[in-house]
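Take a look at the structure set out below.
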Amino acid sequence: MLSRLIRHEWKETWRIPVVSFLIILILTLVCFFLFRQMEPPADPDAINVGAFVTMMLYCMAVSIISTVLILYIAVRFYRNLYTDEGYLMHTLPVTPGQLLLSKLLVGALWMFVMSLLAFWAICCILLFGLPAMVNVDMTLLGPAVMELFPMLFGMKPLPFLLFYVLLSLVSSFSSVLTAYAAISLGQLFAKHKVMASILCYIGFTMLIQIVTTILMIPSLTRLILSEAMLEATDTIPAVFGAYMREVLFISMAGSLICAVVSYLLSGYIMKKQLNLD
């Protein structure tokens, strides 16, 4: 029965995500042609304002589309399980856990594809936009970036790419489950359940940010107090890569813990505290 639920959820949700992906691809092509028409500034220290604004607007558009997608996934979860549709869904011969898991797998998959597509799109825009924004020799920039990459991120490009894919997968589950947990918790309120869900989501997000920031304080302190930072302020400190690597691992651990807690909370409320009034 779980497979049927997943197939049904897939058929009912594919349109909005696919349209979102197509919009990103179209925007990427439009920006590519715009950058091809632009000339880099003659002054090596200047930037092409038009190219810079185009790049910023593009990144904002991708961020907005990603936000719209997670909102769509959250609203569908709410409508299917906690409105009038919920009466029908909860009378099906399936467990609440199966309902939650079917929506989670499909929603997280769409968010995972979105995160990979956004990463690819922004990399393409940087590749096409930098030659138009600044007067730089791309044949020299590429090797320089490859050389500095371990100093910036604490790992070589290929391990970083693999880690990013894994982090995106975990973050996709975490973001969807956080929304599900906030919606489920909001249904425990007698009135204004939608507003309560929104406030719960804001509270969850703030709590996650605070805890993550606290966990990063030791790494940040070591970075600030390092001799490399004090003695070589005009170069990348040797400990910066280690700091960024710790940040990535903390983000991974935080997302994983958040996903587990949100899943358990959502499942418990759906099984023990379901309120469709």
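Using the three backbone atoms N, Cα and C, a Cβ is placed for every residue, glycine included.
Nobody curates TrEMBL annotations by hand; they come from automatic prediction.
Features of the protein shown, as given by TrEMBL:
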- 12-35: transmembrane segment (TRANSMEM)
- 55-75: transmembrane segment (TRANSMEM)
- 104-130: transmembrane segment (TRANSMEM)
- 161-183: transmembrane segment (TRANSMEM)
- 195-217: transmembrane segment (TRANSMEM)
- 247-270: transmembrane segment (TRANSMEM)
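Across the candidate stretches 55-75, 104-130, 247-270, the maximum count of CB pairs under 8 A to the transmembrane segment (161-183) is reached by 247-270.
Sequence-distant contacts of the transmembrane segment (247-270) (same chain, six or more residues past either end, CB-CB distance under 8 Å): 81, 96-97, 99-100, 104, 153-154, 163, 166-167, 170-171, 173-174, 177-178, 180-181, 184-185, 187-188, 204, 208, 211-212, 215-216, 219.
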